[in-house]
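Okay, so here's the structure we're looking at.
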Amino acid sequence: MFTKEDNPRGLLEESSFATLFPKYREAYLKECWPLVEKALGESQIKASLDLIEGSMTVYTTKKTFDPYSILKARDLIKLLARSVPFEQAVRILQDDVACDIIKIGTLVRNRDRFVKRRQRLVGPKGSTLKALELLTSCYVMVQGNTVSALGPFKGLKEVRKVVMDTMKNIHPIYNIKTLMIKQELSKDPELRVQNWERFLPHFRHKNLSKRKEPKKKRRVKEYTPFPPPQPDSKVDKELATGEFFLRKSEKKMKKMEENKVKQAESLTKKQEQRNKAFIPPKEKPLMKKTGKAPSQNKLDIETIKDKVKKAKTKKLGAPPPVNPAPPSNIKKKNNKSKSKG
């Protein structure tokens with residue numbers, strides 16, 4: 001703790017800091033400004049509120065003994081401008097308390113997406129923000145395009161990590177889970193010295209779709225200050241092969257021979273393509289049956305005897321025909337013939 005005895009003569013030069021505040025904070029600052037002046041008066045720092053320009057200014061005096069107190073006063077007016085209540089903002093004047101104002105307005109391009117992620121940080125009825133405050137022992141205030149945090153240095157580091165990850169589309173519940181595990185592990189004196197990597201959960205991104213790689217990849221050539229070699233002209237090629245010194249008739253004969261060779265090659269290729277249609281396709285080999293056939297060599301004598309006995313009992317030949325009953329008209333005719341006789 002820096003006391004007046006450490007610096008009895010005070011500061012030689014005067015230093016000041018000023019910050020602007022929005023219009024809606026004017027009424028609140030007007031009410032609590034006497035309390036601000038009283039809190040800063042203990043460190044011999046003066047403060048002024050300009051309602052016309054909308055600014056707050058703090059500056060040192062000859063009686064100021066603590067050189068770092070002006071920086072604390074600067075943080076105080078910054079927090080007040082960012083809608084932090086005076087009861088919380090005045091804690092910044094303590095030695096073991098610091099603040100961090102995280103700018104999140106430029107992290108997400110789309111405005112609707114930014115509002116959704118900011119609301120995700122707050123949570124339903126402020127539950128996520130409350131859980132973060134309990135785990136980090138920091139006061140967190142989400143307002144507009146900034147997140148103001150107030151508390152110990154270790155907690156501020158964790159708050160910044162959670163806020164930045166939330167703006168990068170990582171849900172804050174994952175970081176809150178890791179903070180809860182760390183809090184439980186810190187209570188154990190044996191595990192306090194060990195590495196906690198094996199206890200912490202590792203979350204993977206499932207929603208993000210991997211970009212498909214293109215079929216044709218461009219190969220970036222290595223930069224060389226020297227230009228590429230100039231290609232050989234037609235005359236240079238003829239000089240290298242010796243064609244340049246041949247006569248016109250010899251050149252014509254050579255061209256004709258080259259054309260004949262090319263024609264012969266093209267004819268052979270066409271003939272091969274035509275012959276492909278007459279080549280029969282390869283037949284698939286017959287699949288061999290793996291199952292073993294029943295053994296026909298072994299004869300069952302008893303079954304044969306039974307079959308022979310059954311055959312003897314049966315009558316040979318076709319079954320006798322079934323005679324249907326003669327019609328009634330035939331019987332009547334027979335009776336009449338007998339009566340006449």
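Positions of Cβ are set from backbone N, Cα and C atoms, glycine also.
As annotated by TrEMBL, compositional bias 'Basic residues' applies to 208-220, 330-341. What TrEMBL records for 233-248, 255-286 is compositional bias 'Basic and acidic residues'. The compositional bias 'Pro residues' annotation in TrEMBL covers 318-327. Taken from TrEMBL, the feature domain 'K Homology' covers 98-168. The region 'Disordered' annotation in TrEMBL covers 208-341.
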Whole-number mean of pLDDT values that fall within the domain 'K Homology' (98-168): 93
Using DSSP three-state counts, the residues of the compositional bias 'Basic and acidic residues' (233-248) come to 12 helix, 0 strand, 4 coil
